[in-house]
């Protein structure tokens, strides 16, 4: 398969969260050319299986991207487009590794929906579907680092209302000012700091005002809050001031950096002449959910995470190919390791 060509093709299919159907159909037809056991499940996930028996290894990546299409272009060995880094570059690497691998057990490719939103695709996999995994590799842009920890996360909402009034009159309370006061209160309550081991609070959406000469009657601010190790969703909820509320929350997770999946990747990279590097991720991903299936898990993939969700998403095709080679070696090594029951 031509990795660069496939990457360009999937980038041209815009697939924001809950809008992955066209991409899923494309990937289904593509995979059918190589493996017979492939389908789209009730959550819109594309699932492919090869081999049989144990151990069972999952290659997991997500089809969706953040909103906002970008033009797709290729210059030399670099491809630009929405999702080039997060997560279509890793997805293509995982797809290639799946097709190239000769597993001694069962190999599952799970290309899921809505990771950037409510993780509906992975939630469906947790309820059932393909054979349960002994080992999981999660496709995320790690720049070929092996990630073993992710922070938790939740959206926090500040929603204020007032009677409004004429902008020329100072007698009215202005909820714009109150909105920012509550935001600062949230930061103080959580001990916001730009460190991995601290809560981080980032405003992402502000909706406020109806006219330039009118005191607003409603203001909404959405905060992206990340939860550090050692803290929990409960800690977040208990710390929030009365005028802020948390939405659905994901707990932080950490597994052993020497678990079999991580070790298999370490050895694979060494065989390829790449220095293995471990990392803890500042974000939140389906990794946080998949640890409920197995602690033998690692996140890994091509792409610079600093470019994820940006207007300059781009990825080096050679790194996608290198990631696929490392995954293939790791999958085949795990096939000769006795399962941990």
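Placed from the backbone N, Cα and C atoms, the Cβ positions cover glycine too.
As annotated by Swiss-Prot, Zn(2+) 1 binding site applies to 62, 86, 140, with the evidence given as sequence analysis. What Swiss-Prot lists as active site is 64, and the listing cites sequence analysis. Taken from Swiss-Prot, the feature Zn(2+) 2 binding site applies to 86, 116, 309. Positions annotated as active site, proton acceptor by Swiss-Prot: 115.
Other residues of the same chain near the Zn(2+) 1 site, with their Cβ within 8 Å of the Cβ centroid of 62, 86, 140, are 61, 87, 90, 91, 115, 116, 139, 141, 285, 301, 308. Here the candidates are the binding-site residues 62, 86, 140, 309, and by Cα distance the one nearest residue 115 (active site, proton acceptor) turns out to be 62. A distance of 12 Å separates the Cα atom of residue 140 (Zn(2+) 1 binding site) from that of residue 116 (Zn(2+) 2 binding site). Shown in sequence order, 65, 66, 83, 85, 87, 308 are the same-chain residues outside 86, 116, 309 whose Cβ sits within 8 Å of the Cβ centre of the Zn(2+) 2 site.
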